[in-house]
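Per TrEMBL, the features are as follows:
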BINDING   76-89, 282-294  NAD(+) binding site
BINDING   R96, R106, R134, D224  substrate binding site
BINDING   D224, D248, D252  Mg(2+) binding site
DOMAIN    4-353  domain 'Isopropylmalate dehydrogenase-like'
SITE      Y141  site 'Important for catalysis'
SITE      K192  site 'Important for catalysis'
Amino acid sequence: MSKKVLVLPGDYIGPEIMAEAVKVLEAVNRRFDLGIELEHGLLGGAAIDAHGVPLPDATLALAREADAILLGAVGGPKWDNVERHLRPEKGLLAIRSELQLFGNLRPAILYPQLADASSLKPELVAGLDILIVRELTGGIYFGEPRGIRTLENGEREGYNTYKYNESEIRRIGHLAFELARKRDKRVCSVDKSNVLEATILWREVMEEVGKDYPDVELSHIYVDNAAMQLVMRPKQFDVMVTGNMFGDILSDAAAMLTGSIGMLPSASLDQNGRGMYEPCHGSAPDIAGEGKANPLATILSVAMMLRYTLGSAEAAEVIERAVSDVLDQGLRTPDIYSEGTRQVTTVEMGEAVLAAVQA
Ligand code: IPM
Ligand code: MG
């Protein structure tokens, strides 16, 4: 049976990294006879330029039909001055919401070959393997009412609404516990229940969900302490589960513990395991078009897609091993370069992974 993958390259470095990831995807598709068909669409700034909106109807229709979506990165200064509701990021948020991709998996894994690239001491991060499970379609990102209004005294006021209902908390909780079962069986739920009611409920519901998983240890931590612990003793964590905004912030910090956000893939899953896969990093306007972007996060996103949505763990492993091989060969894009290694371009890195996949 054929499976459809929608490719959305996005903006700035997006198309550069996507070209390399697609080469790798096509190679495993042939090698394992996966029957994957690729389709292409526009999202973000590229869609604004072509159609005036960040998520065109045509893209959304293709996305609904697809088994999985592979996304590059969206946004950048070119669209800084478009109206708020038309910004490239709105396209990303809308596709997450429209497809109910509530479960965002952001692994932070330190490749032993890159231990030097971390800003923390090697012994603090050696062997690091954290999985952040971020709720992606609720919380303050989507809560209504929201806006900027003018008060009676003429002063302007910005406001947003932070809310979570029980079913939203429960479904992300179950996902986190299920994932923990396949790992070290520890879930740490991050909240701010000393201040925010929405997260008092979050903590209560996590406790309830935890009762279904007596084999998994549940702990709770306030988000400020979580930020501190992440940079102090990051290896204490296995799975961290949290809301949309805290997850946004903590996942960037966790990513940087590994030395390069350019190495980290992510998955955003719906209730049925369909998903959108993208690198954790952004569109890096400053290096676009220079061949400096690291394609490995996008290539590793292809591996996640094969494992979580397309049911081919075998092909996923081949890609992951290929990435490890090219690191062993000493190849490095500038973001992960260190003395004694060989600096390569985006395309050279992609070609090297391709060769390793085909070997
Ligand atoms: C992310 C990004 C997005 C977010 C932006 C681009 C809207 O930072 O995926 O982490 O805040 O979710
Ligand atoms: Mg972010």
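Each Cβ is built from the backbone N, Cα and C atoms, and glycine gets one as well.
Curation does not apply to TrEMBL; its annotations are automatic.
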Quick note, D224 (substrate binding site): same-chain residues at least 6 apart with CB under 8 Å of its CB -> K192
Using a 10 Å radius around its CB, how many other CB atoms surround R106 (substrate binding site)?
23
Considering only the binding-site residues R84, R96, D224, A284, A288, K292, which possess a Cβ situated under 6 angstroms from at least one atom of ligand 2?
none
Three-state secondary structure, which DSSP defines for R134 (substrate binding site):
strand
Between D80 (NAD(+) binding site) and Y141 (site 'Important for catalysis'), what is the CA-CA distance rounded to a whole number of Å?
19
Can you give the mean pLDDT for the domain 'Isopropylmalate dehydrogenase-like' (4-353), rounded to a whole number?
96
Of R84, R134, K192, the recorded positions given in the record, which has the fewest other CB atoms within 10 A of its CB?
R84
Say you check the Cα of R106 (substrate binding site) against those of the binding-site residues R84, P88, D252, A284, K292; which is nearest?
D252
Spatial neighbours, same chain, of D252 (Mg(2+) binding site) - Cβ under 8 Å, 6+ residues apart
I261, C280
Do any of the recorded positions G76, R96, K192, D248, D252 touch ligand 1, in the sense that the CB is under 6 Å from one of its atoms?
D248
The recorded positions listed are R96, R134, Y141, D248; by CA-CA distance, the one closest to R84 (NAD(+) binding site) is Y141
For the binding-site residues D80, D248, the largest set of other C-beta atoms within 10 Å encircles the C-beta of D248
Fewest other CB within 10 angstroms, which one of the binding-site residues G76, P88?
G76
